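Visitor: Sharing a structure below in structure tokens format, with a few things to ask.
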């Protein structure tokens, strides 16, 4: 290690200069980091500021390490090795170290390089300790445990939290404030990630439309007349409707499983193109149905369309999550949910439109089926231009192309420190995968032997059981039946009420996407949605039990109790939409590591469609047999889901994908997020960490009067540090 010390004008500041090792030499890198902590722990003083993000510079004369970044200025002639500069400052004037940093940037030609604004302040008595802002070994700094004497000194020393710069990542900390896992350049949050997420989310527009339009189409007079629904008995008609709806979910179930195979061999991009093409074929078949041909083409087309939808529902969340910076991962995956709601909004209103403007005819019911082709076609065309997932490219050994895609997505040069770090994270994840389960198509299945992985698969599937247990798909697919049970009569009135339901869902989804999911987190939303939604369902069921509106129709309009029931229905929508509607997809896209992410997403999508099939297949029979009891059934499931979430589901907000294993190890789960974020050096209130207080349990270095022992993760398996 080479150390360069520079005296400051006030206090004392110096640069620590160390060779930067390539990704392949992790143990030397970890040993270097441990030495850095030893040096800082031996410093005397009460305040230490770390004002730099560690910069990786190419620099001649320190050996023959590979080039990892570009440099201009007087040392641009040869680029053979890399060193890392870390600025330490002991004093009270932040202008001093910033001045030194500016001089060094100027000297080495880094006029346009990232100049960090964030400072981490330590007030820890005699021994200052600082949070290393970018730690190559899994992105986590070693913890520091103080001796008993030092803890007593800390207890008598007032601590002060220091706010970080209010412009994290270049976005003003307002309702759209971001919580980053590390200092992030403004350029990372650019239009490219949002554009790619939006194009991929045409898949969810297709899903949302198909989920919404079919229920009201089955009640459209022109459709029921053409296929002679009046000739069926009540039980046979309920069975026919259930088959038309549920064959779509059955196809989607198998499509979501097949997507795992295609994503491994073809990649995310080509899989999206293939499944969108399958959907287009199925949707086109439905347009050929007539009275003479019967419903066979619609039933067959629903199966094919479902197959395509199932594959798209698997691919889209995982594709978006692999492109996303951690701070906006929930928001970008939420675009998938937003697309679902936009498609659903069109689907809920389209039959109201055709019923109001067109006379009953073959064309009237054909239009809602034809509109399916629009979002499916836009996805097929858009998928041609979006890039492949860089994580998948790294996994397949296409390193040069992967770096090019990642740099384009982040809007940074390939040698930028942020890109170098992200590549190292991906490499670590892939190396861990090869070390733990090996490489190959069947290897991820071996990970299912681990109990921690088994539990996450069960957890992800159960989230969709509770989601469908809320009653959402009973409403989506059979909304005319639902509103008729509340006393609403008339085809157009039912369509109008259904359309308003779609408006409420869409507006609340936008609020959820832009603020709630990354501001409130996943757990609080699910818990509040379960409590509020369950209470609303109980009221609706109680009203139907007492008033029996279907048996006692009121020609003058809804009675006050009926109006209250409609109000609670929309209130249920307000509780459900920002909670259970999209959050299970976000959690499932986050909770699996690189080893099992594709398999985990296939499991999530398959479970979604399985439980979707169960509800859509049996809802007509449930309404026939149970009546008001259907609402009590859904209310009970929503209340039970609250207990499930509180005790079993940890908060995944702002946790890097590489840290999910650690998150799911911590008990109790309601403290897991805070523990991991503390280990990463973050505070939930946006303040910089104040080190030296009571440490959390976990990996730790031991400080005894200035001596630091590296944590266990720095030790190699052969015992050599």
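The backbone N, Cα and C atoms fix where each Cβ goes, and this holds for glycine too.
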Visitor: TrEMBL lists transmembrane segment for one of the ranges 332-353, 398-419, 420-441, 442-463; which is that range?
Guide: 332-353
Visitor: Write down the single range among 196-215, 216-235, 556-575 that appears in TrEMBL as transmembrane segment.
Guide: 556-575
Visitor: Need the matching range: TrEMBL marks transmembrane segment on one of 145-166, 167-188, 365-386, and I'd like to know which.
Guide: 365-386
Visitor: With TrEMBL as the source, identify the stretch among 83-104, 105-126, 523-544 annotated transmembrane segment.
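Guide: Residues 523-544 are the ones TrEMBL records as transmembrane segment.
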Visitor: Need a quick answer: max count of Cβ pairs under 8 Å to the transmembrane segment (495-517), which of 247-265, 272-289, 365-386, 523-544 is it?
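Guide: Between the stretches 247-265, 272-289, 365-386, 523-544, 523-544 has the largest tally.
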Visitor: Which of 272-289, 295-320, 628-649 shares the most C-beta pairs under 8 angstroms with the transmembrane segment (365-386)?
Guide: 272-289
Visitor: Counting CB pairs under 8 Å, which listed stretch among 272-289, 295-320, 523-544, 556-575, 628-649 touches the transmembrane segment (332-353) the most?
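Guide: The stretch with the most contacts is 295-320.
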Visitor: At a C-beta cut-off of under 8 Å, are there same-chain residues at least 6 beyond the transmembrane segment (628-649) that contact it? List them, or none.
Guide: 459, 462-463, 466, 469-471, 474, 485, 522-523, 526-527, 529-531, 533-538, 540-542, 544-545, 580, 587, 619, 622, 668-670
Visitor: Averaged across the domain 'Major facilitator superfamily (MFS) profile' (196-653), what pLDDT does the model get? Just tell me the whole number, please.
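Guide: Value for the domain 'Major facilitator superfamily (MFS) profile' (196-653), mean pLDDT as a whole number: 88.
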